[in-house]
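Remarks on the structure that follows.
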């Protein structure tokens, strides 16, 4: 008995312990696992069939089904995790694809670079032989000149070949695809906005000023044949009008583009060289000849008019304001070099060359120093001439010479003083010849490494299109305008037809009503 009782107690206790542990585990999992109810149901039925069912049912807690709110939140969390995993997998796949494409492009660029280097070696040997042969063809040429030519060639040839290599890689390398896409985007008319509406006068005036001088999709010949020629005439008009125009241009221009900054400085100084330098030289020759013969230099000499004083004042203000653009140029150039250095550090093909840090800056600093020193010297000489060389009879006018730097004076000043102011303006304009050299096509890119930009009809900066792409864009614009005119004509025709049908219907209805009235009158008379 004792043995059987012991055995019974052991076998009766074992299921209870198992059920207790399972129940505890299920009870702990119940708030988190919806499967707890289905897992506990068969175990409860097994417990009822055992000999210790009563005791087990008391000790095992009863499971509560999870709420529908919890089930929906659990499903939502599972869906979010799946979506996050899918998005991360897509990002990883895209990154791997981009990395593989970059690796392939770098390998292709490296192959093209080696091909160019092999061809360049042949060109180097042939060019060196031909240069030496041409220099030794003249037996009387001094050896020092031959050595100087050879030295210049040795310094210039690597730079020329580096530019040729950059152009070749840009045309056949992986970047050519990017350039092709950029050209397609620029030729897309949807990326070029229309001009502002006339009821926005400030935006309309700004866009007209910028586009008339520096358009990105048209040449100067188109501007001269369009209504923008009015603004172009203001830009070149003498008597100080162009100075006021360029001050407005300085106010509205984009001061974050290097080419626009340099283009403004070069354009204004080249214009002053022609309008206030070379032009007055030609005019002064005939004017002084006439006034010397007629003894009327007080009224006929150049510079004696009120417009001369105004133009000198406006030009000086323009020069002082344009110095602000040098600070803007330095800021934008530093940002460009930082971006280029970052691109060179990340590139793997090794074909990009680090831009020199001081070549362009040295040129600009030298021109700025030249501009400032020249302006100060000319104005100092002007003040000295106004102070000491003007006749003493005009002492009240000469005593305020310091306050009249740049022509700030009353318009009733003596004609001698006005001629001095005009002479200083002509001298300052003629000294802008170094700036005019940068206006030669191609020189600005060789010296400053700047790509040409321009403005669209809305006044935004765009890369300037080539002449061929300008013609393509113009053809698309013409075709689109023709299509719009055809659609407008068709719409007007449909409106006219509708009006004609409406009039015919109204006339027919009026005739019917008149006929009805006539019939009624006849019936009444009968």
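In case you wondered, yes, glycine gets a Cβ from its N, Cα and C as well.
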Point to revise | Given ranges 177-200, 201-224, 273-296, the stretch to which TrEMBL attaches the annotation transmembrane segment | key: 273-296
Practice item. Match it up for me: which of 308-329, 330-351, 396-417 does TrEMBL list as transmembrane segment? Key: 308-329
Check your understanding: Of 475-500, 501-526, which span is tagged region 'Disordered' by TrEMBL?
Key -> 501-526
Practice item. Please spell out the DSSP helix, strand and coil residue counts for the region 'Disordered' (501-526). Key: 25 helix, 0 strand, 1 coil
Review point. What else in the chain is close to the transmembrane segment (229-252), if you only count residues 6 or more beyond its ends and a Cβ gap under 8 Å?
Key: 206, 208-210, 212-213, 223, 264, 268, 271, 275-276, 279, 307-308, 310-315, 317-318, 321-322, 325, 459
